[in-house]
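Novice: Residues or ranges marked as heme b b562 binding site in Swiss-Prot (evidence: similarity to another entry): 83, 182. Residues annotated as heme b b566 binding site in Swiss-Prot, with similarity to another entry given as evidence: 97, 196. Taken from Swiss-Prot, the feature ubiquinone binding site covers 201, and the record attributes it to similarity to another entry. The transmembrane segment annotation in Swiss-Prot covers 33-53, 77-98, 113-133, 178-198, 226-246, 288-308, 320-340, 347-367, and the record cites similarity to another entry as its basis.
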């Protein structure tokens, strides 16, 4: 009798994806983040589901319902802070996962990469809408500022914004629809993740050398299941430390003030994981230009495979490209810092220089450096 693991139509899919999957023998800890992202998504869906049981998406009661969850629901505060800080862990893993892909040339699997970029946009949209739900000051003004950016679109902009708001300002209708979409999107993301994995398993994983590893594969289980579990424990340790000791460290104190359309907070800023894009948006004095730069700051990832000029796939043996990669990382950290600062000298000029450097590095300097490396190797 054949093994049920290999014969049952459903279990066979799990087997081919997580047990008997051939994986390169040399993939490092940077390949752990895919599974961690899966865990983050599952955690967000579960905690979000329980939070939705107690939350009310009405402007009059939304803020109170979140307070009620924290004060009166059994372990409601744990659910709330797991969900909020779980989003931060999600984005940390996302950015490290994308960074790994950039460094090791994983973007050469174009279908998987493009699916990943779509996933990134979907997760960012979900996180933005989730931030609006507690209906604090930063929720309200963040929603107002970011949705207002769409009014920069010529001709249809104003109508589009009012259509999204469901009125002439961010109000009851906006909150209700944001809750509906915030609930729906994670399930769409789950489906997209399956497509992402489908494309990945067509080609197999990349590895740190960037050289095909077809002749040296090992089964995913037990080697990488154990390795992933170690990464999982480390992530859970960080997440629980955040939730138990300083749950509000990554949040904004303004969001503990109920939304008030008549009082604008001194500094409107999004959650930390959007600050780099927010800094790029603010560094351009023109509204439409800023919106385009904001979208392009993420959309630029789509063009990375076409900007790959090196004869080698990975950066492992390319010291010039490595230096530029870490320059880009430092630049993104600088933008993240600037995004959280007020719009005044010297932050404005630092943000503008960092924004120029970001696009220049990706579009011009890195492709030229790759060509130079080819030349140095006489390729």
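Just so you know, glycine gets a Cβ as well, placed from its N, Cα and C.
I'd like these features described in context: how deep, what's nearby, how far apart.
Specialist: Of all Cβ atoms in the shown protein chains, 21 besides its own fall within 10 Å of the Cβ of residue 83 (heme b b562 binding site). According to DSSP, residue 83 (heme b b562 binding site) sits within a helical segment.
Residues within less than 8 Å, Cβ to Cβ, of residue 97 (heme b b566 binding site) and separated from it by at least 6 positions along the same chain comprise 33, 34, 37, 116. According to its DSSP assignment, residue 97 (heme b b566 binding site) is helical.
Counting only same-chain residues six or more apart in sequence, the Cβ atoms lying under 8 angstroms from the Cβ of residue 201 (ubiquinone binding site) belong to 16, 17, 21.
Same-chain residues lying 6+ beyond the ends of the transmembrane segment (33-53) with a Cβ under 8 Å from its Cβ atoms: 69, 79-80, 82-83, 86-87, 89-90, 93-94, 96-97, 100, 130, 179, 182-183, 186-187, 189-190, 193, 228, 231-232, 235.
A Cβ distance under 8 Å defines the sequence-distant neighbours of the transmembrane segment (178-198), meaning residues of its chain 6+ beyond its ends; these are 17, 38, 41, 44-45, 48, 52, 55, 57, 112, 115-116, 118-119, 122-123, 125-126, 129-130, 132-133, 143.
The list of residues near the transmembrane segment (288-308) in space but at least 6 beyond its ends in sequence, with Cβ under 8 angstroms from a Cβ of it, reads 98, 102, 105, 107-108, 110, 113-114, 117, 120-121, 124, 149-150, 152-154, 276-278, 280-282, 355, 358-359, 362-363, 366-367, 370.
When Cβ-Cβ distances below 8 Å are used as the criterion, the transmembrane segment (320-340) is approached by residues 99, 102-103, 269-270, 272, 274-280, 282-283, 310, 347, 350-351, 354-355, 357-358, 361-362, 365-366, 369-370, 372-373 of the same chain, each at least six residues removed from its ends.
Tertiary proximity for the transmembrane segment (347-367) is limited to same-chain residues at least six positions away from its ends with a CB under 8 Å from its CB atoms, namely 279-280, 282-284, 293, 296-297, 300, 303-304, 307-309, 321, 324-325, 327-328, 331-332, 334-335, 338-339, 341.
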Novice: Would you count the other CB atoms within 10 A of the CB of residue 196 (heme b b566 binding site), including those on all shown protein chains?
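Specialist: So the Cβ neighbour count for residue 196 (heme b b566 binding site) comes to 21.
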